[in-house]
């Protein structure tokens, strides 16, 4: 890696603070999905994959704040640690992007092609999709480590820059490839699918209006709320990751011109990644009513259990409800069908 740099203490503090909030938020999302039976569906399992990936992004961001201090006194151990962190950071970022793409794809099939949903999302296909989301980014980023260790280190390119062996010029291939495969392609696919989803929801609303049905039913409202929540997540992804990718590529391309402030550029790119991974749970909680209720339920159960107070039994308490209310409670429709 490059020589000695001075990291910004202010940015380190921001990095750690956002990372801690992101880890807590995404772990809460993961715990809520695992504990709440109402969220045991294909959509939420894919959201669980997204939350785990975002948690890893936040953890690597926190560790990054420590590792960059190694640049003041570069050692071989610090070089190896940075390489491992670099691999984990970029892999988890790609896994987060592909998890978001997978959630969008599942909603696209569920809303635009509902008759194909169960046939497409079989247990085997879902397993393969999740493996794809987690393996492909790691495979792409593995080549960066291989290139650096065997080309840069073995040939000493980073120090001598012999003709035709400029490590920074050749290394530009990797951030560009990462941006294309793990940002541009997923972003374009998500935008196209959400255009189709929104068109379908509007067409459905028009059909209901033509039939004289006033307002959306509960199924339609649930679909709209989840769709709007995920749309906000995608907009945040585009707004934060696009400048992050551009800034990172520019920092690598202009390294020799901005050598003294290079580490500052890297810190800013990490903070943008952290903000994106931290904001997702907040958007779920603000926009997705069902998720709000389940988070509150899980937190209340945890607090009552930790305080040695009995947790209320929902089924037992339903015995005191009127029969009409019990039927309404049990017959509340969901907005998906779990086919796995």
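Cβ coordinates come from backbone N, Cα and C, glycine included.
Record note: among 80-105, 288-313, 80-105 is the stretch given as transmembrane segment by TrEMBL. Looking at the stretches 153-175, 176-198, the one that TrEMBL records under the feature transmembrane segment is 176-198. Segment contact holds for the transmembrane segment (262-286) and the transmembrane segment (46-68), given three or more CB pairs below 8 angstroms at sequence separation of 6 or more. Between the transmembrane segment (229-250) and the transmembrane segment (80-105) there are at least 3 Cβ pairs closer than 8 Å, counting only pairs 6 or more residues apart in sequence, which means the two stretches are in contact.
Of the recorded ranges 12-34, 46-68, 80-105, 126-150, the transmembrane segment (176-198) has the largest number of C-beta contacts under 8 angstroms with 80-105.
Counting only same-chain residues 6+ beyond the ends of the transmembrane segment (46-68), those with a CB under 8 A from a CB of the stretch are 5, 7, 12, 15-16, 18-20, 22-23, 26-27, 29-30, 33-34, 78, 81-82, 85, 88-89, 92-93, 95-96, 99-100, 102-103, 106, 130, 133-134, 263, 266-267, 270-271, 273-274, 276-278, 280-281, 284.
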